[in-house]
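S.K.: Just dropping this structure here.
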Amino acid sequence: MDPLLDRINVRDLLSGHDLSDPSTPLSAPDLRLLINRLESHSLHIKSKVRSYLLSHHNDFASLFSQCNDIVLKTNEISDNLSNILSLVSDPPIGGEIRKLVDEIGRKTKEAREKREILGLLRVIVGICERLEGARLALRNGRFGFAAAEVKELKEALRIGDEEEGEPIVYGLLRKQWADLFDEMQELLAKFMDYAVQFEQDSRTIRVKYRLCVDEMDGIELHTILEAMDVAGVLDYSLAKAADLIIKHVITEAVNYQSPVIFVEDVSQGSEGITEAVLKILPSQDLKIVDVDGDAIYARVIQVIRFIFKHICFENGSWIHSFGRLTWPRISDLIISNFLSKVVPEDASKLADFQKIIKCTSEFEIALKEMMFISVSDNKDEKLSNFAENVEVHFAFRKKTEILGKARNLLLQCDFSVPKEFTSKGPLLKNDGMAINSSKQVVDLLFSSERCVVSKAASQLMELVHQTLQDVCLSSTRVALEFYHAARDAILLYEAIIPVKLERQLDGINQVATLMHNDCLDLSQEILGLAFEYRTDFPDSIKEYAVFADMAPRFHLMAEEILHRQIQIVVYNLREAIDGADGFQNTHQMQQYESAKFSIDQVVFVLEKVHIIWEPLLLPSTYKRSMCMVLESVFARITKDILLLDDLAAEETLQLQRLIHLMMDNLSSLLKSLIVVNSKGKSEEDSRRPVDDLIPSLRKIRKLAELLDMPLKSITSAWESGELLSCGFTIVELKDFIRAIFADSALRKECLWRIENVGL
């Protein structure tokens, strides 16, 4: 059929005609020829098709038959599917099917749940039976079986691995297991208590191999230990025996002062060993001093070997458990009773300590061989670590001694003042030479002055200097401890003294003054420590050592103490002045006596302060502080007098008399502010008169003059500027004139002149 499907080429049909030019039109004859040839060709094709169909008739008949069968089967399937769909979509039948399916699901679920519950019940019943069996075995003395059951049931019940949402019965089973475990633990502990006993009278440890507890007789000690191991209660059950051996045996073994010996004895029976004892007897060689620790270590090893053999039956796991319980306490006892006591007191003897280090190492190796301590855990090498770090322990011990000494001298010091400073008088002569050579008189490092300090401060700094000298001569680790000891010793003053002397700081006394001097001296001494010692410190300490951070604290303490003392003095003076009731009506005898008593009280307080401060304080500090106190006194008295609004003539004379009385009584005090050694004051202070340091002094003196001065003279003094230079204000002066002088033309004139003077 392929040739029939080829395209008809017109050019082939008109092969005799020139068709090179597509635009050339065809003639009528050409068209007729073309039509005839097409018809001929068409007939040829039809003939070919007919011949092909006839030759393949059977094939086409079979193909059409198959297509017809397929169509018939498709229609049949369609009809069947329609019938099924109609049946399924029918409502009554669909509901029954759904109910049937749901019922099948429920029954299946119920069956599955019943199977699960039945399985759970079997497990629960099995566990209950095993728990009861283990309990019966425990009460019948079958400890091995009971311990194994307890261990397996612990895993089955997932003890310690509980989950939320578990059935309540699991909690009940775990409770039964816990009760059984506690019962077993307590019973095994009773057997161990019976097995290992200490007899106080004979000083003997007795280990019994056949045990009897709660009517269970003939139980082997080894069986008890095996059960303890399986049940995981070895540590709990051995704890009491371990405590007993440490308390009564190990303590005796490590006694450095009263050595003992141990004697072992074993009792044999028909069935083997029935009992082992370890007797503690006093040593006959009391005069021998165990310098190297050989005897102590040998005694401890003997005790542990006894435990290893007769209590732990040479079982490595059991002796290791016993070691975990006892080694921390044993090592602490050896350190406190022996090693710490033989730490050299002098750095030159550190080399002699090497033998003790060797003995200590051999002792721990012997314990490792018995598995008493761990071979791999370095924490168990506590004794070796201590011995090898003896240099640090030596330094720590010295540091403890230094701080103890510092604490004692601070606590015991009574802050008494040397007798030569109990009366008035400066520390220095006019030429700057010291009056005495007492250690309590110190030169301030950053000042040309001297002051008296307490015995505590003097001795404390001596101790600090000795310690820092040791820093310069020591190794790095020792030097570091000494350095911290020096710092801590200084800080002890701050921690102890203010608390110890709190009551004295609330009064006017020499203790507070000495404390001020102590803090001032310590602040300067601290600043000088680094300059004095840093160059000789070990290289690693040079960069680390700091002292300057402490100096401001002590300087601040000194200022606070002095300020507190000044405030207390000022408060006492104000109370005394308050007793004068404002100096009113002094022309009356009773009021005058009251005012005079107040002035006497003021003088008494000032003289007391003078007596305490002048011998002890730095001259410059004394002058500054006393001027502050006097300023407060003179200013207050002047203010009270100037506030009086009506003064009788006699009253002015009495006030003048009181001022003169006070100034006369304070003359020695005022002189002490002038006669200060030139080495104790700055050039500026030496040029300034006392009146400049105490502004109210000039004012109160001038007030005494004004009290009996004529009005014109007062006015002239204001116009000349004299009163203004003394500190009077125009308001004070006008009120003063009105209070003394009666109203008159002269007073008005003078007041006008005062108001209009051009100052």
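Every residue gets a Cβ built from N, Cα and C, even glycine.
Keep in mind that what you see is a predicted model, and the values were worked out from it rather than measured.
As listed in TrEMBL for this protein:
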DOMAIN    38-131  domain 'Centromere/kinetochore protein zw10 N-terminal'
DOMAIN    173-410  domain 'Centromere/kinetochore protein zw10 middle'
DOMAIN    446-574  domain 'Centromere/kinetochore protein zw10 C-terminal'
DOMAIN    598-754  domain 'ZW10 C-terminal helical'
S.K.: State, in range form, which of 38-131, 173-410, 598-754 has the highest count of Cβ pairs under 8 Å to the domain 'Centromere/kinetochore protein zw10 C-terminal' (446-574).
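M.R.: The listed stretch sharing the most Cβ pairs with the domain 'Centromere/kinetochore protein zw10 C-terminal' (446-574) is 173-410.
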S.K.: Test of understanding: applying the rule of at least three C-beta pairs under 8 Å (pairs 6 or more apart in sequence), is the domain 'ZW10 C-terminal helical' (598-754) touching the domain 'Centromere/kinetochore protein zw10 middle' (173-410)?
M.R.: no
S.K.: Could you put numbers on the helix, strand and coil content of the domain 'Centromere/kinetochore protein zw10 C-terminal' (446-574), residue by residue per DSSP?
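M.R.: With helix first, then strand, then coil, the domain 'Centromere/kinetochore protein zw10 C-terminal' (446-574) has 102 helix, 3 strand, 24 coil.
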S.K.: Could you give me three numbers for the domain 'Centromere/kinetochore protein zw10 N-terminal' (38-131), the DSSP helix, strand and coil residue counts?
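M.R.: Counting residues per DSSP class in the domain 'Centromere/kinetochore protein zw10 N-terminal' (38-131), I get 91 helix, 0 strand, 3 coil.
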